[in-house]
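Colleague: What follows is a structure written as structure tokens; I'll ask about it next.
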């Protein structure tokens, strides 16, 4: 089974995937893949053609400069996505196939923008890692050293968790600490019947 993990910002997607990785499950993380994709020469060429050479730093793409270059325009974000997403999806599909060929029973794919980019088809089942809005805000302020207004703006710019809840097969509410989250992940796996020997 291919399990797609998604959530909102600061809901704990990475924490859940780290717990699963510690337990021996193979994780395909689209965020990590995107960081590899952005280093590919053909992608660098396409990005500089689209957004100019100001986004470069020592021959590579400076992610912060790229963010600043597209931040103010939906159209630019769409153009960035049209360059990045096909490569990210292609590599993800290859990795999923590789693990299926190895007869892995549970393949975990972390897809932050699963619903936004309509990638439901990549997963057999979808697990949403959710949190209360207050918890999200707290975590963003602490993690990104930012203020409440900026944190709330980031949350508002995303598809709402309520909408994602309706579209998901499973939900883990992550409003507590890491040991509580670990317990919930174990519970979830037990309900799925995926324990150690099934990896």
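The count begins at 1 with the first shown residue.
Cβ atoms here come from the backbone N, Cα and C positions, even for glycine.
All TrEMBL annotations are machine predictions without curation.
What you see is a predicted model, and the numbers here were worked out from it, not measured in a lab.
Per TrEMBL, the features are:
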type	residues	note
BINDING	10, 11, 12, 13, 14, 15	ATP binding site
Colleague: Once near-sequence residues are set aside, which residues in the chain of residue 14 (ATP binding site), 6 or more away, have Cβ atoms under 8 Å from its Cβ?
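Modeller: Within the chain, residue 14 (ATP binding site) has Cβ neighbours under 8 Å at 29, 110.
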Colleague: Near the ATP site, what residues other than 10, 11, 12, 13, 14, 15 in the same chain have a C-beta no further than 8 Å from the centroid of the listed C-beta atoms?
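Modeller: These residues sit around the ATP site: 7, 16, 129, 131, 174.
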Colleague: Do any residues at least six apart in sequence from residue 13 (ATP binding site), in the same chain, have a Cβ closer than 8 Å to its Cβ, and if so which, in order?
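Modeller: The answer is 5, 6, 7, 110, 112, 129.
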Colleague: Using DSSP and collapsing to three states, where does residue 13 (ATP binding site) fall: helix, strand or coil?
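Modeller: Its secondary structure by DSSP: helix.
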Colleague: Which chain-mates of residue 11 (ATP binding site) that are at least 6 residues away have a CB under 8 A from its CB, listed by sequence?
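Modeller: For residue 11 (ATP binding site), the qualifying residues are 129, 130, 131, 136, 161, 174.
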Colleague: Taking the Cβ of residue 12 (ATP binding site) as the centre, count every other Cβ atom within 10 Å, in any protein chain shown.
Modeller: 27
Colleague: Which chain-mates of residue 15 (ATP binding site) that are at least 6 residues away have a CB under 8 A from its CB, listed by sequence?
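Modeller: Looking at Cβ-Cβ distances below 8 Å from residue 15 (ATP binding site), excluding near sequence neighbours, one finds 129, 174, 178, 181.
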Colleague: My understanding is the cutoff is Cβ-Cβ under 8 Å with a sequence separation of 6 or more in the same chain; which residues meet that for residue 10 (ATP binding site)?
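Modeller: The answer is 131, 135, 136, 139, 140, 143.
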